[in-house]
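*Asks:* To start, I am sharing the structure in question, which I have written as structure tokens.
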Amino acid sequence: MKTVAQIVAQNDWQNPVVFQRNRVGGHSPHHGYKTLEDALHNANAQKYLLNGEWDFCLFDAPEQVPESLLAATLSAEERAKWQSIVVPSNWQLKGYDKPIYCNVKYPFPVNPPIVPSENPTGCYRTTFSVTSAQLSQRNHIVFEGVNSAFHLWCNGEYVGYSQDSRLPAEFDISNLLVEGENRLAAMVIRWSDGSYLEDQDMWWLSGIFRDVSLITKPRQHIQDVFVTPTLDACYRDATVSVRTSIKAQLRCKVGIQLFDGDTTVTEQIVTGTNNKRVDEKGGWDDVVFQTLEVKEPKHWTAETPYLYRIVVSLIDDSGNVIDREAYNVGFRNVEMKNGQLLVNGKAVLIRGVNRHEHHQVKGHAINEDDMLEDIKLLKQNNFNAVRTAHYPNHPRWYELCDEYGLYVVDEANIETHGMFPMGRLSRDPLWAGAYMARFTQMVERDKNHPSIIIWSLGNECGHGPTHDAMYGWAKSFDPSRPVQYEGGGADTTATDIIAPMYARVDTDVEDDAVPKWAIKKWLSLPGENRPVILCEYAHAMGNSLGSFDEYWKAFKDYPRLQGGFIWDWVDQGLTKHTDSGDAFWAYGGDFGDTDNDRQFCINGLLFPDRTPHPHLFEAKYCQQHLSFSLTEETDKWQLSVKSDYLFRHTDNELLRWQVLENGKPIIEGECPIYVAPQQAQTVSIAPEINFKAGALYHLNIDVVLANDCAWAKAGHVIDTAQLALANKSGLIPFVSTANVANENAESGVTVKAENTTLLVSVKNNVFSFNSESGLLTSWLHEDSEMLSAPLEDNFFRAPLDNDIGVSEVDNPDPNAWESRWRRAGIGKWDRICTSVDVEQSTFDVRITSLFEYHYNDKLIAATKWVYTINHQAALTVEVEVLLDDSLPPMPRIGLQAAVPAPRSNEQERMRVTWQGLGPFENYPDRKAAARFGEHSLSIADLQTHYIFPTDNGLRSDCKQLNISGLRVNGQFCFSVSEYGQVQLDTAKHTSDLMPQDCVFVYIDHAHMGVGGDDSWSPSTHKAFLIEEKCYRYSVTFCAKV
């Protein structure tokens, strides 16, 4: 019996050569089905979950753990120190210790394999019962995930040790069990030398966070099954190769049966001990090799995830089944040919995303419902692939990917991003065993999943001979799949795929360590013929994904550019509460973790509760499988629907169309579509339209599900498009001016000066101008104030994450947009009105104000405002802007106003309608998915509450805006907010924001793009920068009648 003190003295958690003791080697998951029916339907596995309430006590270090951890009973004094904790869970989210978020840097001094002596250690105790029938069999305890290392005892006897937080730790405890109650005790150590291999841009959380189970198998049992289905060269017929490892002292047979549903397709029984394979070391009497021939099976792809079921049985001489395992089988080939990645002979386009296992409350302890929610959202938003960034996922995840249809890059739990150099441990032979175990154990566990089409050696740990060894082993063990690895430059000898990070479409990125060529350039490098699939791209941090459509244009134009994986799926925010009880999503530093990387974990397509960021709609649109083009004829339109599906027919889709006139629907229809893979169908649309002179016409297209499917309900929108229609009226709208003079005379436009105020009155409106400030300070319409603040120039936006880059509060990046803007004082310029002139004509009043802007005693900008108020009480503002040559590209060119905040009973005033792009937030470089129309939303819904507050809510290409009784006409972008830019700029969380007593309205002539190729360098493309020094624009305001 090994005491706690003896185990602690071994110091295994600081020895890179010791990453396990007594752990069972990797193998396919065990189920031990008793009946064929159970095997076919994955029911009643001989697997007993030990999840639930366990006893728990946290110590500051392993050395503090008492021997009473192993005691059968605890004294009252000892028992008082223990509480209960739910398993699985992360103890930091149950009130113990604190979460830490880091991206690159380690949360402890870097001195491998040494970790801090202050090393939180969680001790767990539980009991479980075993029957006499179980005692006669083989019993293994399996911990699916423990962070980061742990020692285990059963009934006071030492069991073993394990590292690798993301793979099963399985131990044979058959000889330690007794009939009736049995005791388990685990000592879980937060920091181990294994932590140096798990520096993965996520929260550092600890504990038993995945399932714990007892698996009971016969003494003579199936140990491992490797199923390899292979289609022939014509992708018609197939073979299924099955390698079965058995633990049997008696003469046994192995039977394999392939089922399609409950129907047997083919089967075979082989005598195990007479089917030896011989190599230089002799025969393999514990391994049986079998092959099944299958005629014209249905294929598995992400589009058509058809599954068969193979049942493997261990049979004794009497014909009795001793043990039985079963696995899903998908017939698909993965090949590398002519510089492309092929699935079943077709070059796939990876519509992928990187996904961390994360829950806003439970942290890393996710369950099947959480996984299923993600699977359905991925399918609903046109994703076909997932990279398990950056570790093997929960085993149920792969089963769901098999069932629902997602391609998977399965990634080993290895990242040493914070090491310098990054590849230091990858070149150290002391760490080679740990590297190899993490990779091989993953492959052994997951090898039978058809969804896994690529193995990944890990992430961001440089390149060394260990990677070459891992690559060589993978190609030998499983030649049916390619291997990818980005480390060392994305194109080393250890990868079959060029897998760069954040490479741009046309621009090379300077990098001191490794080159980051433009993806188009990578294709043309001498001697290079591998496909390019971005393992990470389009960094979705906050308000991001600008120019995402440029990637997809390139992917579709260049056959060897085969897509990529967006970073990343979900914001890794954790739910926290203010002192007053208000919930908000926390990021690095919010739990007292002083060494952190702030909000760099907030870079998902979804908020932590799985509601979408606006940029998810852009990704969905760019990745959709159908495209549309229109040919006009005399009395109808021919709509061509082209399919990019490689394998499936559109047999469950309805095409709904709608004609818009000036943004409003006037006629609509629908029809089913049946498009073959990579083919097109023409649909005739013959709407009766009475075209009006000067009107704008658009055709909206939605392709929706006709019936429910596994991942969405009927009516779910899959693909969208908007096509402009030519106005066939051929007429120019006629505007009569015959009665203008009389109307003006009757309206009585008057100008009156009162001290420093100029009052312009017309109809039921009074406009007040300050003759010193040059600003419109008040607008009364029927005695109601329209403005809460003057109209004025606006050049500032609350910086986005992409504007801030890698800047820290005390260490700003001088190249970041935010730093350039702050050096230029944008948002803090001193304004001086140099003149105000009034001109009254027969039809209107014109007030001209000239402004100068100074910063640090330097003239930095000048603007000219011409306010024109006509006889209809319409206010037209014409603005000229002149910027100093020293200024950087501007965040925006426009004006701002404020209107009274609506009261809760003023429902109509709480809604905003506009004619322009929408309905969701869109920016000049992220608007491909938005559609022109007349949209209406509440003021609250027009805002996007990013976890780290920034500018948000823009709507582009607008012609009209109606808000709070005010109408704006022109050509502009706009946003509406309950929070001013200063508040958005200074707030760190949504809980910091307090609605003000007005609603801010921002009208932009030009607004800089959001960027998003990455978030640490200026990534807004040149076409979406505001670089000119002179601008002129106009908008017209009027009271909405």
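In case you wondered, yes, glycine gets a Cβ from its N, Cα and C as well.
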*Asks:* Need a hand: Swiss-Prot gives Asp201, Glu460, Glu536, Tyr537, Ala538, His539, Asn603, Trp1016 for substrate, which of Asn90, Asn103, Asn707 is also on that list?
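*Replies:* When Swiss-Prot describes the substrate site, the candidate it includes is Asn103.
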*Asks:* Looking at the binding-site residues Asn103, Asn603, which sits with the largest number of other Cβ atoms within 10 Å of its Cβ?
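*Replies:* Within the set of binding-site residues, the most crowded position is Asn603.
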*Asks:* Is Glu536 (active site, nucleophile) helix, strand or coil when read with DSSP?
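*Replies:* DSSP call for Glu536 (active site, nucleophile): strand.
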*Asks:* Find, among the binding-site residues listed as Tyr537, Phe600, Trp1016, the one whose Cβ has the highest number of other Cβ atoms within 10 Å in the structure shown.
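*Replies:* Answer returned by the neighbour count: Tyr537.
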*Asks:* Which value in Å gives the longest Cα to Cα span across the substrate site residues Asn103, Asp201, Glu460, Glu536, Tyr537, Ala538, His539, Asn603, Trp1016 as recorded?
*Replies:* 18
*Asks:* Around His417 (Mg(2+) 1 binding site), which of the listed recorded positions (Asn103, Glu460, Asn603) come within 10 Å, judging by Cα atoms?
*Replies:* Asn103, Glu460
*Asks:* Counting across all protein chains present, how many other Cβ atoms fall within 10 Å of the Cβ of Asn596 (Mg(2+) 2 binding site)?
*Replies:* 22
*Asks:* Could you tell me the C-alpha distance between Asp201 (Na(+) binding site) and Asn103 (substrate binding site) in angstrom, no decimals?
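*Replies:* Here the two Cα atoms lie 4 Å apart.
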*Asks:* List only the single closest residue to Asn596 (Mg(2+) 2 binding site), chosen from the recorded positions Asn103, Glu415, Glu460, Glu536, Tyr537 by CA-CA distance.
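*Replies:* It is Asn103, whose Cα lies nearest.
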*Asks:* Please report how many Å separate the Cα atom of Trp1016 (substrate binding site) from that of Glu536 (active site, nucleophile), as a whole number.
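*Replies:* Checking the Cα atoms of Trp1016 (substrate binding site) and Glu536 (active site, nucleophile) gives a distance of 14 Å.
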*Asks:* Taking DSSP three-state, what's Phe600 (Na(+) binding site) in: helix, strand or coil?
*Replies:* helix
*Asks:* Once the DSSP letters are reduced so that anything not helix or strand counts as coil, what is His356 (site 'Transition state stabilizer')?
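*Replies:* The three-state answer is coil.
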